[in-house]
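Trainee: If you look up TrEMBL, you'll see 54-169 marked as domain 'ARMC9 CTLH-like'. If you look up TrEMBL, you'll see 179-213 marked as coiled coil. Taken from TrEMBL, the feature region 'Disordered' covers 285-304. The compositional bias 'Polar residues' annotation in TrEMBL covers 285-297. The repeat 'WD' annotation in TrEMBL covers 339-380, 485-526, 527-562, 620-654. What TrEMBL lists as domain 'Anaphase-promoting complex subunit 4-like WD40' is 486-539.
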Amino acid sequence: MENMQYAEELVREFLVFRGFTNTLQAFDSELSTDIGKGFQVDKIMDLIFSVYVPKFQAEKLVGLFSFFKQCLSSSSETVLLTTLSKLEVSILRYYVVSAIQSGRRDKVLEFFGMNGNDLLRRGQDWAAWFAIPYVKKPNSDPEFRIYFSKEWYEALRLSVRNFFSEIFNGTRMPALLKINSEKTTVNRLKKDIKQLNLKLSELQALLEEKDGQLWQLRSNASSLVDASTEETKSSSSVVYEENRLISKDTRETCPPATFQIGEAEVNQDWIVAVPAGIRPEINISKSDPNLSSQSSLRAGDGGTADTIQLFQDGPYNENGRESHVEDFPEVKVDFQETFLGHTSPITRCRFSASGNNIASASEDGTVRIWTYDSSTPASRNATIYCGAKILSLDWECKSDRLLLIGTADGGIKAWNVDAKRVVCDLNTSEAFPSVLDIKCSPVEPIFVSAAASKGHGSSHLDSLGFASLTVWNMKTWKAMTVLPLGKDPPAITSLSFNHNGKILAAAATDGMIHMFDMSAGLQITGWPAHDSAISSILFGPDETSIFSLGVDGKVLEWSLQNQGQILWSRNCSRFCDPESSKICRHEMALDANGRRLLVTSGLVRAPIYQVRGHAIGLRTLPHSAAITTVDWHPTLPLFVTGSADNSVRVTSMS
């Protein structure tokens, strides 16, 4: 019985806490000879009908019923106590009958010799039973014949089972045994609340998306009206100019017109209509060297006019104005928990597969495992000392049992949270001491480590040399293979598996994205994604796109169905400044629905963007220093942020 075991653990924990060691020893001794078998009905039935009666252990049988009478000795249990006494009489008579049937009349005499006086005091018509050892055929005697029938025996077993089931399954439940069931009920209700909050979040996101579509339709209608007005004015102006030129006596040669889009602000969702079949190319140059723009125009062949979308990754919002984090509304918070167990800047933090536990690491080489929810048991909480700066963390995908830790001295540790110990301590080769990232396969018992050799620069990325991608077996804890990257490949900074673990994406410091077929262990494709190093990479929620974050602050969503096509982009250069990039590798995280993107920040607040949405972004509540690591809960609208101020915060969005 789970409740019984939990209650015993509570008693043992309390006795240890109070220092009652003698009582604890007595308690453990009583448990080892548990006469009540933990109040488990099947075990009690076996004890009576398969052990005590057939092995003629009359003294233990009587002692068992004395124990149960003590359990029901309160005044409120009078009816149950009376029923138990009647069942005891029937079972003792069954003991006598069983001994007679087995030819052990001596055991009957022994039984009456030990318990005869007590039985006579009880009454219950025991006097006639003292003669049964001397009756030649008691199974034919009218006084005893019914007790030898199979029907009486089966009715007795059924009555005993029903009685014990009734008193042990709820009729008489000590308050201590109710703690675990009540705790389970509370956890279930909290889980239901979280699921309802998740549904609410989905509906809110859908509402935001519909509002964005409505805003776009209104904007398009307004643009068409403005374009029509401008076209009318332009036609009138051209006619006037032609008439003026014809009236002149002197002809002048005019140079060809040159169109230049310079300092004008371009709306990110600018729509242009062109005739079918035309594929124009427009280069946009800006006079401001701090603003960069990449525009892509596409026109199809169908219809009379096609829509051309200008995607730009500059720091502009949908209204064409420059957007800073101060312009974003602050995220609405349901609750926020702050963990202050670290003594140095946080390098990585990750939710477990279920989201119940969090692992956070710091520069001083310590990893803390903790929980933000008071209803979650703290038995897994631990502090792991690794002796070197932690560069990467990842949980086993199928459970919360294993945590993988990658360090700056080439170490890879596997921590078992249930056993609270390191179950395996691996090392990369001496040539590749920095374990920049670790990713577990969501399906197979394998993980991939991205290690790098030492470079010659002073910043975090410049200090990285060449890359090594190793596939490890989590059953044998041995290296299986090294994925091919070519000769002297630039360091791999970030890894991401797709949903079935068949494809691995790897981002490099030369701006390349590499895609590997894990079943074949070969690279299947790759493309240059950024002009600078890539610091983080993620598969999209629908597996048809992949997100990349460059050290220059550009976030790009790439299509996997049409390689090289950018589906969505943002410029986070304000947050991913060069100074913060020297102390940490910036990263990003997608929520469970893939609608919100959270990015680390060199500022005290981090931005949260709505992917492919038109709503303005959000900003997190402030830390007191740069935000160095982020992660989303696997199912709920919860995110965790780690900071250079040594704190880790869990925030629930309302």
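All residue numbers here begin at 1 and follow the chain in the order shown.
Glycine residues also receive a Cβ, built from the backbone N, Cα and C atoms like all the rest.
As the structure is a computational prediction, the values presented were derived from the model and not from experiment.
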Trainee: Taking a Cβ cut-off under 8 Å, which residues six or more beyond the ends of the repeat 'WD' (620-654) line up next to it in the same chain?
Mentor: 194, 197-198, 201, 330-340, 342-351, 353-355, 358, 360, 362, 372, 580, 583-584, 587-592, 596, 598-608
Trainee: List, by number or range, the same-chain residues at least 6 past the coiled coil (179-213) whose CB is under 8 A from its CB atoms?
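Mentor: Counting only partners 6 or more residues beyond its ends, the coiled coil (179-213) has Cβ contacts under 8 Å with 2-3, 6-7, 10, 334, 373, 375, 592-593, 595-596, 610, 613-615, 635-637, 652-653.
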Trainee: Taking the repeat 'WD' (485-526) alone, what is its mean pLDDT?
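Mentor: Within the repeat 'WD' (485-526), the model's average pLDDT equals 95.
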Trainee: With DSSP as the reference, give the number of residues of the repeat 'WD' (485-526) in helix, strand and coil.
Mentor: 0 helix, 24 strand, 18 coil
